[in-house]
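Trainee: Can you keep this structure in mind? I'll have questions shortly.
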Amino acid sequence: MKRLMPLLFAGWLTSIVTQAHPFRLDSLGMEKKDGKLFVLHRVEQGQTLYSLVRRYNTTVQAIKDANPGMSENFRYDQVVRVPASNLSRKEEKAVTKAIKKEEKELLKQEEREVKQETVKEANSGIHQVEPGQTLYSLAARYGVSMDEVRKWNNLSSDHIVSGQPLIVSEKAWRVREPLAKPAIAPAHRSDSSAESSRTSRNDSPKTERPAPPRTTTPKEEPARPAEAERPAAESTNAAPSEPRIIRPGDTGPLPNPGGNTRRISEIGMAEIIENSGNSSKYLGLHRTAPVGTLVLVRNDMNQQSIWVKIIGRLPDTSVNDKVIVKISARAFEKLSPADRRFRAEVSYLMP
């Protein structure tokens with residue numbers, strides 16, 4: 001914005017200094033940098049550094065100092081700063097005042113535009129998907145989870161398309177989809193009242209009746225049901241428990257190793273797999289675990305865990321130094337890390 005400033009009021013400045021300095025009529029305007037005033041000159045066909053020195057009555061070194069790194073061989077249409085050393089004190093004050101005024105106006109305008117855009121997005125809570133955006137990038141941008149965006153927009157997958165409007169704030173969702181909690185609350189209260197009523201009835205004092213006198217006649221019949229029940233209990237205890245089937249996306253703990261199986265655990269950094277936002281699967285990349293292995297990844301900060309399926313090897317590069325596993329966006333979301341890279345423990349069983 002500041003680079004466009006001279007173009008906006010070049011005519012006004014030129015009118016100030018035209019009589020004393022007619023050569024500035026072909027300049028772009030004036031600029032103030034580091035407390036010094038410069039004429040902005042656009043190089044014309046055939047102009048050289050020395051022709052500018054003569055035109056503006058300055059020195060080669062002064063132009064070089066005003067344009068660090070500039071070559072003496074000018075390019076056509078190149079903009080060059082020339083020290084405005086021949087301005088009178090009155091002209092210099094007028095130019096400085098105009099520049100400051102324009103800078104303030106441009107800054108205020110830019111702040112108003114940014115504020116209006118921010119307030120508009122925050123108040124509406126609706127985002128129109130742009131090309132290249134994913135559900136993960138939008139959730140990160142608005143500080144919400146992917147689960148919340150799916151819920152607010154009734155999405156069955158992570159696939160979104162350009163131009164699609166999405167609700168990205170809970171406030172906007174509540175306005176468009178009122179919750180039915182008030183209608184459910186009375187049912188809970190009635191259930192509680194019924195439960196309390198039942199409890200009161202059960203807790204009411206009962207009149208104890210005298211127990212009938214017990215007979216001392218021995219009976220052999222009760223022994224038979226006990227004997228009949230014992231084998232059933234023993235058979236139930238003896239039945240082997242079925243092995244737990246683990247699938248990607250499960251959150252259960254690592255099963256106890258049995259037989260020749262050994263447990264492997266390591267602690268390091270975990271990251272998200274690049275460009276995996278459109279996948280709804282729980283996948284991972286690991287340095288040593290064989291492809292197809294199910295590994296348990298645990299977020300060391302919040303203790304949340306998720307099982308992922310290894311689909312490839314993690315490249316051994318300097319970028320991946322200290323990284324022990326990379327996981328898909330869906331698995332990353334379930335672990336709810338506070339940052340893109342987080343400390344994690346990876347565990348799995350190997351024969």
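Using N, Cα and C of the backbone, Cβ positions are placed for all residues, glycine too.
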Trainee: Which of these ranges is annotated coiled coil in TrEMBL: 92-120, 237-265?
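Mentor: Feature coiled coil in TrEMBL: residues 92-120.
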Trainee: For the domain 'LysM' (125-168), give me same-chain residues lying six or more residues beyond its boundaries with a C-beta closer than 8 angstroms to one of its C-beta atoms, as numbers and ranges.
Mentor: 175-177, 272, 277-280, 329-330, 332-333, 336
